[in-house]
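Have a look at the structure below before the remarks.
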Amino acid sequence: MATPASITNVTVEFLQFPALVTPPGSTKSYFLGGAGVRGLNIQEEFVKFTGIGVYLEDKAVSSLAAKWKGKSAAELLDSLDFYRDIIKGPFEKLIRGSKLRTLDGREYVRKVSENCVAHMQSVGTYSDEEEKAIEEFRNAFKDQNFPPGSTVFYKQSPTGTLGQLIFSKDETIPEHEHAVIDNKPLSEAVLETMIGEIPVSPALKESLATRFHQFFKELEANPNIEN
């Protein structure tokens, strides 16, 4: 992967996203691909709700570099295919969504699931199985309330498990998952709605492009870096 010097922390409002995270009970670390704010324009004011960070398995850099090295940060930012390669890439992802203001679990998951359903319908991947998965997804959040600083973690496998939906009172990763949902279209849709064609966090997309451009440059300069 990229050298440790290039994998820096990111601050989003009062939230700190460390360069590396290691879940409890695991020997595997994930590096921070990028982080940014999610918000909405409400009555001509941009209201910030969440800070989102995307962590990836080590081999993500070399996997993506095969196609994207040599591109500028601006070229990466303008390429939907780059983000789709992150979304569909053969490496694990750990997504952290930490709240900047209090959010009710039902209201939060209603909007997230609506965005996911809209995407899956637009690309023709929404069927009875996905409808069931969406219901599981909504049920996982129904009794939750998220005060500022609390976090939802989504751990995604290359096989499509949106698993290990993990809820935390702060930024630490609890040892036990809250729910596991085995549905690849939904798993991909969750990240698609964050960084895809209609992203809820343009700032996260920009962060990913800027940081991966640097990762690729370092990989080219140091081709013997382990992945």
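Each residue, glycine too, has its Cβ placed from N, Cα and C.
Straight from Swiss-Prot, the features:
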- Thr50, Asn115, Thr193: substrate binding site (BINDING)
- Tyr108: site 'Important for catalytic activity' (SITE)
Chain-mates of Thr50, Asn115, Thr193 with C-beta within 8 Å of site centroid, substrate:
Arg38, Lys111, Val112, Val190, Met194, Val200, Ser201
Using Cα coordinates, what distance in whole Å links Asn115 (substrate binding site) and Tyr108 (site 'Important for catalytic activity')?
11
Quick check for the class: what is the C-alpha distance, in angstrom and rounded, between Tyr108 (site 'Important for catalytic activity') and Thr50 (substrate binding site)?
11
Would you find the one among the binding-site residues Thr50, Asn115, Thr193 whose Cβ has the most company, meaning other Cβ atoms within 10 Å?
Thr50
Secondary structure at Thr193 (substrate binding site) (DSSP, helix/strand/coil)?
helix
What whole-number distance in angstrom separates the two most remote CA atoms of the substrate-binding residues Thr50, Asn115, Thr193?
16
Does DSSP put Thr50 (substrate binding site) in a helix, in a strand, or in coil?
strand
